[in-house]
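**Student:** Take this structure first; my questions come after.
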Amino acid sequence: MPHPATLKTYGSRAELHSNPTAKRLLEIMQRKKSNLCVSVDVTTTAEVLEIVRRVGPSVCMVKTHCDVIDDFSLAFADELVRLSKELDFVIFEDRKFADIGNTVSLQYSSGTHRIASWSDLTNAHPLPGPGIISGLSSVGVPLGRALLLLAEMSSKGNLATGQYTRDAMRMAREAGREFVIGFIAMRRVDEDDAAKADDWLIMTPGVGLVAKGDKLGQQYRTPREVVLESGCDVIIVGRGIYGIQGEEAVRAEAERYRVEGWEAYEERLKRT
Ligand code: 5BU
């Protein structure tokens with residue numbers, strides 16, 4: 001039996017969310033025919049912006065690691081936000097918060113990066129317990145932001161498996177869907193009856209059409225495996241796109257992944 005979320009269009013699922021970022025993301029996905037998020041893991045603001053301008057038309061979301069950018073500034077963040085409106089995508093800072101509620105609320109709102117001021121979506125490890133969600137939501141909810149919990153990871157030997165993954169799901173359900181909109185996971189982790197009653201978004205890194213992994217434990221699957229076979233909603237691709245040589249080639253590769261991801265989604269909608 002396919003998971004109910006995998007039989008609905010992204011557009012119709014927008015109505016099942018009250019969180020403004022979740023709604024906007026699903027509407028963008030439908031409008032741009034894209035379930036592709038590009039992860040822009042380069043170390044200067046100029047490179048980030050150049051890649052975003054190239055891949056922007058093909059993506060529903062751009063993912064950042066702001067702490068790897070040498071010359072990060074709030075002016076850069078302003079430009080990224082401007083591009084997100086012009087080119088119609090959501091910004092996801094992959095911060096992976098992992099501390100007590102009070103500390104993460106400060107890390108989210110303050111410091112050099114002021115993540116909550118420019119990033120629509122961020123993520124957190126459930127490891128510290130539900131206080132991490134409360135801390136982040138006190139900052140994010142008034143701004144219309146959203147959170148994913150890391151229920152699983154793509155890297156070899158990671159510990160987010162079995163009971164830990166189930167507990168992440170339970171923690172999200174108990175927190176409610178005002179702020180937590182889904183999970184980083186490799187498959188539909190929202191598979192029990194209580195979870196299926198709600199609409200959760202599953203976003204999945206470790207996606208590549210060529211390489212099977214890297215030397216540091218990353219593991220790749222194709223868009224088809226992720227979207228059609230595992231029922232995930234968003235594919236997250238980094239080096240597979242921005243690592244291609246040539247500016248025009250980066251644009252073309254993003255488009256290739258968009259088409260692969262969208263065809264897998266259309267195929268899954270046809271199942272009954
Ligand atoms: P890659 O170049 O496609 O391997 O980049 C993957 C990105 O997704 C990179 O920014 C990682 O930090 C991120 N990621 C991941 O690869 N695996 C995970 O489980 C999580 C994030 Br959570």
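Glycine residues also receive a Cβ, built from the backbone N, Cα and C atoms like all the rest.
Keep in mind that TrEMBL annotations are predicted by a computer and have not been checked by a curator.
The active site, for OMPdecase activity annotation in TrEMBL covers Asp94, Lys96, Asp99. What TrEMBL lists as substrate binding site is Asp41, Lys63, Ser154, Gln218, Gly238, Arg239. Among the features that TrEMBL reports, domain 'Orotidine 5'-phosphate decarboxylase' is placed at 35-254.
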**Student:** Quick check for the class: what is the C-alpha distance, in angstrom and rounded, between Gly238 (substrate binding site) and Asp99 (active site, for OMPdecase activity)?
**Tutor:** 26
**Student:** Got a sec? Which of Asp41, Asp99, Gln218, the recorded positions, have CB under 6 Å of any ligand 1 atom?
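**Tutor:** From Asp41, Asp99, Gln218, counting a Cβ under 6 Å from ligand 1 as near, the near ones are Asp41, Gln218.
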**Student:** Checking the contact step here: among the active-site residues Asp94, Lys96, Asp99, which have a Cα within 10 Å of the Cα of Lys63 (substrate binding site)?
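**Tutor:** Asp94, listed in sequence order.
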**Student:** Using the alpha carbons only, what distance in Å do you get between Arg239 (substrate binding site) and Asp99 (active site, for OMPdecase activity) once rounded?
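**Tutor:** Cα-Cα, rounded: 29 Å.
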**Student:** These are the recorded positions: Lys63, Lys96. Which one scores highest on other Cβ atoms within 10 Å?
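**Tutor:** Ranked by Cβ atoms within 10 Å, first place goes to Lys63.
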**Student:** How many whole Å apart are the CA atoms of Asp41 (substrate binding site) and Asp94 (active site, for OMPdecase activity)?
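**Tutor:** With the alpha carbons as reference points, the distance is 10 Å.
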**Student:** Looking at Cβ-Cβ distances, which residues of the chain lie under 8 angstroms from Asp99 (active site, for OMPdecase activity) while being 6 or more apart from it?
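**Tutor:** Sequence-distant Cβ neighbours: Gln107, Pro128, Ile132.
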**Student:** Could you tally the C-beta atoms, other than its own, that fall within 10 angstroms of the C-beta of Gln218 (substrate binding site)?
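**Tutor:** So the number of other Cβ atoms within 10 Å of Gln218 (substrate binding site) is 18.
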**Student:** What residues, ordered by sequence, lie under 8 A Cβ-to-Cβ from Ser154 (substrate binding site) and sit at least six positions away in the same chain?
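**Tutor:** Expected: Met186, Thr204, Pro205, Gly206, Gln218, Gln219, Tyr220.
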**Student:** Looking only at the domain 'Orotidine 5'-phosphate decarboxylase' (35-254), what is the model's average confidence as pLDDT?
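**Tutor:** Averaged over the domain 'Orotidine 5'-phosphate decarboxylase' (35-254), the predicted model reaches a pLDDT of 98.
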